[in-house]
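What TrEMBL says about this protein:
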TRANSMEM  45-66  transmembrane segment
TRANSMEM  78-96  transmembrane segment
TRANSMEM  102-120  transmembrane segment
TRANSMEM  140-167  transmembrane segment
TRANSMEM  179-200  transmembrane segment
TRANSMEM  207-227  transmembrane segment
TRANSMEM  239-257  transmembrane segment
């Protein structure tokens, strides 16, 4: 495996994953895993572990950037995070009982559709509208949605970021920046849990690929998050939509290639 090829593949994987994380709170696993598997012939389990660990720092720096710009709902984020983590375990246990089918393509297709939704029907909710929902109702909604997201993620094993973004904007009526900020905040912890368990089960990763993926994803996520927080809602919806559509198409193409 030549070092040049490794750098090129990890750079583009990190770029796609970082932009997806910083703009849309998308999980890096959706972009990095298929690229590492397709172009570097990596073991799928290890590829997901590397992708999840790249997600941790990228999501953390994005969450920090969104939080600094007051676009983060920590209280409900924490409530949702706890239920997501609990029900991810329940979901993966249930999925181990039913015959396995590949559900990976489902999350990629959803990314693509969600991108189209943001372009065609932008999320134009304002913070003022968000503030009108009572704290108790918001907390109850966070628990219910956390249960749904966690169970589906555990069952399918993917799609956490996209599920969260869809539910935060459509069901909970969040404003787009706050939805992404809250989504990456939750994902920092869910990705950390996933990465640790992957390496605990699958052993240590290829350190070169790991470091390159983590660094590139981190840098691009930081760039995207800074831009996203400065953008107007309309621009942000379009940018998020375009990035999701492009990533969705690219990853579907990799599946065909692979």
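Quick reminder: no glycine exception, Cβ is built from N, Cα and C everywhere.
On a predicted model such as this, the values are computed, not experimentally measured, just so you know.
Contact count against the transmembrane segment (207-227) (Cβ pairs under 8 Å) is highest for 45-66, out of 45-66, 78-96, 140-167, 179-200, 239-257. Residues 14, 17-18, 21-22, 25, 27-29, 31-34, 36-37, 72, 177-178, 180-181, 184-185, 187-188, 191-192, 194-195, 198-199, 201-203, 205-206, 209-210, 213-214, 216-218, 220-222, 224-226, 228-229 of the same chain, all 6+ positions outside the transmembrane segment (45-66), place their C-beta atoms under 8 angstroms from a C-beta of that stretch.
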